[in-house]
Amino acid sequence: MWNGNSKLRPSSPVLKPNQMSWHPQYRSSKFRHVYGKPASKENCYDSVPITRSVHDNHFCAVNPHFIAVVTECAGGGAFLVIPLHQTGKLDPHYPKVCGHRGNVLDIKWNPFNDFEIASCSEDATIKIWNIPKQLLTRNLTTYRKELIGHARRVGLVEWHPTTANILFSAGYDYKVMVWNLDTKDSVIAGPVKTINCHQDVILSMSFNTNGSLLATTCKDRKIRIVDPRLGIVLQEASYKGHRANKVLFLGSLKKLLSTGTSRWNNRQMALWDQENLSVPLTEEDLDGSSGVLFPFFDSDTSMLYIVGKGDGNIRYYEVSVEKPHLTYLTEYRSYNPQKGIGIMPKRGLDVSSCEIFRFYKLITTKSLIEPVSMIVPRRSESYQEDIYPPTAAAQPSLTAHEWLSGMNRGPIMMSLRPGSELLDSQTLPPERPLSNSMVQVSPQPLEPMKQPAEDGDQAPFSLLEEKLPKWTAEHHLGEKSCLTNGFDVFECSPPKTENELLQMFYRQQEEIRRLRELLIQREVQTKQLELEIKNLRMALGQL
């Protein structure tokens with residue numbers, strides 16, 4: 001109906017409370033416009049003989065130094081370890097890591113040592129390999145440790161997220177085994193714990209943030225939350241409407257995300273309350289394809305990525321505690337289907353381009369590994385603090401003995417700002433006990449830093465001790481450096497000519513630039529000290 005006082009515009013209809021406007025309702029989110037950016041051809045890994053195994057695993061593992069991919073090998077199982085910078089066409093005779101008597105089914109890098117990787121195989125063994133820092137010139141057949149205990153083939157391996165030298169494996173004997181690698185033996189003939197609560201093949205495993213809980217999916221269609229040290233089932237989902245295949249803890253949200261199929265065989269994902277697995281909080285049907293859905297969660301940004309085996313697409317969502325718990329953002333589309341997928345740890349991302357996640361797609365039809373970066377579009381080229389909160393560092397917070405004795409501790413945090421890493425994983429020797437590389441804390445935390453370690457150990461390592469004298473020296477230097485190009489900008493006389501005014505202007509611009517750099521350095525040092533204090537408080541609270 002037209003308003004008589006206005007011939008150009010109709011009166012706006014009144015919307016009832018339960019009636020939606022035609023305007024799309026967007027949530028305010030800094031990740032709403034995240035987009036996927038595939039690497040150029042020269043930055044891909046070409047002519048890679050990717051495995052033809054039909055096992056539903058990632059077949060790829062990535063860290064800031066290497067990309068490892070399961071491959072074909074006559075007479076046994078093998079995988080390739082390619083330096084991350086060595087892109088382009090792969091040599092047909094490129095050396096392999098081979099030593100298994102059966103096909104390799106899963107590989108995982110040690111999260112605390114970029115030069116150590118675990119592999120499991122159809123030969124019912126798990127092997128731990130040390131990868132040399134220099135390029136491989138021939139096949140690597142000498143493993144560091146061999147773990148023997150499963151009666152049938154081993155399909156999954158997972159490192160504990162916060163503890164050094166603790167590895168989990170799941171086999172087709174329906175058992176999950178806990179291994180302590182903190183030993184000098186090259187062959188470990190039995191696990192420290194065997195979890196026997198499953199009635200069929202285990203399909204996936206996932207840890208919560210501090211590694212005190214283990215979630216599993218099984219071929220009997222049940223999701224279980226298990227105490228990994230006691231081996232008892234704490235929660236079990238027997239919901240008939242969702243057949244779970246993969247499961248994932250969603251960081252510190254106390255929620256689980258499972259992917260699988262519905263009663264009508266549609267691919268589906270379901271969100272669960274960690275404390276109550278009777279009914280899912282929400283379910284969402286995705287499509288009618290048959291490939292397995294691999295879920296990945298970034299706890300720093302609360303973003304969930306769903307990657308389908310045999311698809312070319314990557315869907316991504318934002319997860320929140322409030323309803324609706326899952327908010328669809330968009331998807332990355334590609335015509336090249338992935339057989340497997342690898343993800344880069346957060347510490348290996350390019351923060352200068354606002355990259356918040358990176359996938360490595362295994363494209364068997366082209367024998368290609370294609371990196372895909374998830375980018376937050378920003379105009380500024382400076383470090384974006386809001387999209388890079390402190391993340392887990394490559395440093396364990398517990399020893400194997402401490403965790404097995406019942407201790408829990410969250411991950412040690414680090415900043416992704418360039419130059420502010422807490423500890424580079426390369427500096428950690430593979431067999432070094434954690435007690436030598438962590439600050440030892442007592443009710444009076446400042447005293448042990450000055451005292452030598454007891455029982456013949458090395459002196460405790462403290463970043464706070466190293467950085468404080470350096471910061472003090474820079475502070476005194478900053479106080480004295482009032483000169484710019486040999487000219488004191490604070491004691492100069494006022495300019496009298498235009499030329500003197502220009503010279504003064506340029507000197508002040510140079511001084512402003514120098515002070516900005518000094519301010520950035522101070523911010524980095526402040527963040528480092530804050531993280532040190534947080535880690536010390538966290539360690540002190542556990543005692």
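Glycine residues also receive a Cβ, built from the backbone N, Cα and C atoms like all the rest.
TrEMBL: automatically predicted annotations, no manual curation.
Feature annotations, reproduced from TrEMBL:
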- 1-21: region 'Disordered' (REGION)
- 24-88: domain 'DUF1899' (DOMAIN)
- 97-131: repeat 'WD' (REPEAT)
- 147-189: repeat 'WD' (REPEAT)
- 195-227: repeat 'WD' (REPEAT)
- 422-455: region 'Disordered' (REGION)
- 423-443: compositional bias 'Polar residues' (COMPBIAS)
Residues from the same chain, set at least six apart from the ends of the repeat 'WD' (147-189), whose C-beta lies under 8 A from its own:
55, 57, 102, 105-112, 118-128, 195-196, 198-202, 204-207, 209-211, 214, 216, 226, 228-229, 392, 396-404, 409-411, 431, 433-434
In this predicted model, what is the average pLDDT of the repeat 'WD' (97-131)?
94
Secondary structure composition of the repeat 'WD' (97-131) [DSSP: H/G/I, E/B, coil]:
0 helix, 22 strand, 13 coil
Summarise the repeat 'WD' (147-189) by DSSP state, stating how many residues are helix, strand and coil.
0 helix, 22 strand, 21 coil
Intrachain neighbours beyond the repeat 'WD' (195-227), with Cβ under 8 angstroms and 6 or more residues off its ends:
56, 155-156, 158, 160-163, 168, 170-172, 174-178, 233-238, 243-249, 251-252, 256, 258, 260, 272, 274, 277, 299, 403, 408-411
